[in-house]
Every structure is written in C-alpha cells, then in structure tokens.
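Novice: Below: one structure in structure tokens.
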Amino acid sequence: MWWDERVSARFRRNLQPTLTYWSVFFSFGLCIAFLGPTLLDLRCQTQSSLSQITWVFFSQQFCLLLGSCLGGVFKRTLAQSLFALFASSLAISLVFAIIPLCHNVVVLAVVMAVAGLAMGCIDTISNMQLVKIYQKDSAVFLQALHFFVGFGALLSPLIADPFLSDTNCILSNSTVNASSNLPHIRKSLVPHHPGNLSHYDLPMKGMVVTRVSYAFWIMALINLPVPIAVFFLLYKERMVPCFNSSSHPLLSADELAMETRPTEKDDLSTAVQRPHAAGGHDDLFSCCQSKNFRGASYTYFAVHITGALVLFMTDGIVGEYSGFVYSYAVEEPLSVVHKVAGYLPSLFWGFITLGRLISIPVSYRMKPATMVLINVVGVLITFLLLLIFSYSVVVLFVGTASLGLFLSSTFPSMLAYTEDILQYKGCATTVLVTGAGIGEMVLQLLVGSIIHDQGSYSFLVCGMIFGGLAFTFYAFLLFFHRMYPKPSSDMDDASPDKPAVMDDTGQYQR
C-alpha cells in the first residue's frame, strides 16, 4: 500500500465513521451542482422571470454560508455532530423530493435555503470530525473527502441532463423565438449574480411542459442511503435512544477521537493528541468570544486570518471562473461557438474532481504546505498564460483544465496545514470554511459587476489579481508560521513540521 501500516491501521480502526463522513460530503456535492442546469426548467415550473429565479442561487449560497458559521455549534459531543449530520443529509433528500412540488419561486427559494443550511452544517462538521480523528495524518483523508464533493457535483448534472427541456418549457406564442436563445441562457446562468440575464425575454405564462421532476426524485433516492449510513453509525455508537441498550459501539469515543471532553491518560491504541482535540473547533461565534483570546499571541490571529484570506481568494476564483468562463469564451475576441464553449465549465469541474483524486496519494507523500505553494503558484502562472495568449482557444481550454487541477486540492491542503500550525487548538476549520464561502459568493458578485462595466477581458485580469493576492497571503502565512510558538516539551512531541511518531504498540510517544 502507498501509505504505511500505522496510517492503514488507524484507517481500519475508524473505517465506518470515515466512510460515513465521505458519503455525507457526496450529498453536499450532489446538492451544490444541480441548480445551474435545471434552473430554466425550475423557472418554467414556478412561472417566474429569469431575474427572479436566479435569486434562488443567492438563497442557497447565503444559507450555506450561514450554516457553515453555525455548524461548529454541534461539535461539542459526538452525538450532537452525528445527529446534525443525520438531519442535514436527510434534509437534502427531502429537498430533492419537495422541489418538484414548489410552484412558487418564493417557496422554492425557502426550500433551497434549507438545503443551504444543511450543506453548510455538513461542510463544517465533516471537516472538523475528520481532523479530530486523524489530526497529523488528516491531509490524505481530507483530500478524499473533497473528492467526494467533486464526484457528487459531477453526477447531479449528468442525472438531470436527460430530463432537461430542449425547447422553452412554457408553451406560448413567443416560444419559438425564445427557444433559440435557450442553450446560451442555460450556459450563462451564474450563481450569486441574478441580474446578468434580465435582457432575455422568455414567456412567463402558458402551458408548462417539463420532466425535470424525475431528475430530482432520482437524486432523492440516490442520496437516501447517506442518512441511513449516519443513522447506522449512531446505532453502532449506542446513541439512538430506542436502541442504546442492545448494541455495542463500533469504536470507543477515544478511538474515534471525536469527543471533546477531557480524557485521562490510558493505554488505548488510538493515535490522538487529546489536549489539542479538547481545545478548539468551536463555531464562529464561540471563536469570537473574548475568553478565547486570553494569552493568545498576535501570530495566533494572523494564522487564522491569512489562512482564511488564501481560501477567500482561491475559492472565489473557483466560483468566478466556473460562473463566467462560458460568457468570456463566447464574447470577443475568442467568439467560441456556444456548443463548444459549453464544454468549458464541465472541463473545469472535471479536472477539479480528477485533481482531488490524484491528490489522495500525493498528499501522503507531500507536505500540505508544499501542496498549497504549488497550487497558488500554478494558478498565478496559468492566469498569466491565459492573459498572454488571450486570443487562443486552445490555450483557454488547456488553461481551464490546468486551473481545475491546481485549485482542486487547495482547500483540504490549507485546512490540514493551518490545523498543524495551530496544533489543533484554534478555530481554523470554522474560520477557513467561512472564509472560503464568503469568497466564493463575494468575488463572483464583484467579477460579474466588473465584466458588465469593463468587458469580458477583465475576467482574466480579475483572476490574475485574485491569484496574486492568494500567493501574497500565503507568503504571509508562511512568515507567521515561522513566528508561531512551538509546542512546549510537556505536550505531544508532534509539531507543525514534524509528523507524530508512534511506537510499536500503536501509541503516540509522549
């Protein structure tokens, strides 16, 4: 095996919870990518205008951000975390089942807001729990976790595609003229930027003809095993009230390294830094309480802030590039035909998923800090080449694939690196997840406004600027890492730059 026996044994001890968190992140990916291709059919279903229906994007993304901030509330015990994941994954299945019944755009926006809250909780809790389980070994498992997001994000549009309307799904006198614009409109739908399609005139009244409901019901069924898996983990851990007297836990709480209560020294074979696990991973609001700042050095805050700013930029690039690369390609000077340009977002997300798959074995051999450095430098160089060869369609396609690869592993690598620096005592997971969510929403809004005023070329200029800022903030993070106080000798020997060592019995040496 490409990893050593120590990590392999640790994975076997935590097999069921690890697979459960990976499957829950598949739900996250399934829910995050379906809205774009199905939005025109949902517009017909709700008989709303394009500008009205695209606000559904905003309701989902805003509540996703809110859910990410609140997700840490449920981390205090293992039971709270698992019950929150069970409720969130079940809510996603229910949302898929309910969407076909929403014939009013406001009701649809509310339903998608519920989905956003569930997705935000999944994002924060799953990252937190994997970090708690594996700590110094978490990088490879975080890479796998985020691969499942990409896999779900690729699968949901494929499920929806056979059921999408080829012509306008509201039959009226203007249907023929409106249908000629349909492929372009579908590829131009941009999350978080509801006003960018208001100049298209599509009918709002008439007979609705759409089969997209079947796609949502299929996705609801595909997602249903996920809450069942979480419930089974709850059952094995004897946390289901009706069954807690008859079953035996799959693993002890210490072996899972998920509980946050203080634990005494014992001879369990789990590889966990207990003092560290008890000290951090609060929700965003708890992190901001003054009691958490007592005795903290300025580098403590600097690591949190610079780490969040790196992801603010890189996740913002993911959002703005996937949202606007089609619109950029079909405009001057490239003037790519609509059908060919439509492959660009799929190419981008496909290489993000491929990059996350490749990063699973790579992250075991390479330090997270090195991976992030390669990523931000690669993004910067790619945008530079796209600017230099801005008239080349071939370079655009190659650059799109390259950006997907470089951006794919940035988030999990940054999370593993920042948690290592803080020795698992800060609020890195919550702060980084929140910063990434804000960046994805804010930068896409910003770029949409700039493109509207300055033209399509500003799309690449903005990407170059954001890439440069990401590199700058990462340089500051490396500087603050050097300044951050090293762990004292009475704590675990592991440091941000030194992997934890285990003896022959499978225990950490203290």
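The backbone N, Cα and C atoms fix where each Cβ goes, glycine too.
Reproduced below are the annotations present in TrEMBL:
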| type | residues | note |
| --- | --- | --- |
| REGION | 488-510 | region 'Disordered' |
| TRANSMEM | 21-40 | transmembrane segment |
| TRANSMEM | 52-74 | transmembrane segment |
| TRANSMEM | 81-99 | transmembrane segment |
| TRANSMEM | 105-126 | transmembrane segment |
| TRANSMEM | 138-159 | transmembrane segment |
| TRANSMEM | 214-235 | transmembrane segment |
| TRANSMEM | 298-318 | transmembrane segment |
| TRANSMEM | 340-358 | transmembrane segment |
| TRANSMEM | 370-389 | transmembrane segment |
| TRANSMEM | 395-417 | transmembrane segment |
| TRANSMEM | 429-451 | transmembrane segment |
| TRANSMEM | 457-480 | transmembrane segment |
Novice: Could you tell me whether the transmembrane segment (52-74) and the transmembrane segment (395-417) are in contact, taking contact to mean 3+ Cβ pairs under 8 Å with a sequence separation of 6 or more?
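Specialist: These two stretches do not touch.
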Novice: Look over the recorded stretches 81-99, 138-159, 298-318 and say which has the most C-beta pairs under 8 A to the transmembrane segment (429-451).
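Specialist: That would be 298-318.
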Novice: Which residues, given as numbers and ranges, are at least 6 beyond the ends of the transmembrane segment (81-99) yet have a Cβ under 8 Å from it?
Specialist: 20-21, 24, 27, 30-31, 42, 71, 74-75, 108, 111-112, 114-115, 117-119, 121-122, 125-126, 128-129, 213, 216-217, 219-220, 223-224, 226-227, 230-231, 233-234, 237, 239, 258
Novice: What residues in the same chain, six or more past the boundaries of the transmembrane segment (370-389), come closer than 8 Å to it by Cβ-Cβ distance?
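Specialist: Beyond its ends, the transmembrane segment (370-389) has Cβ neighbours at 310, 314, 317, 359, 362-363, 395-396, 399, 402-403, 405-407, 409-410, 413-414, 417, 460-461, 463-464, 467-468, 470-471, 474.
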Novice: Check the transmembrane segment (298-318) against each of 52-74, 138-159, 457-480 and return whichever range has the most CB pairs under 8 Å.
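Specialist: Between the stretches 52-74, 138-159, 457-480, 457-480 has the largest tally.
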Novice: Can at least 3 Cβ pairs under 8 A be found between the transmembrane segment (214-235) and the transmembrane segment (52-74), with each pair 6 or more apart in sequence?
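Specialist: Between the transmembrane segment (214-235) and the transmembrane segment (52-74), contact is absent.
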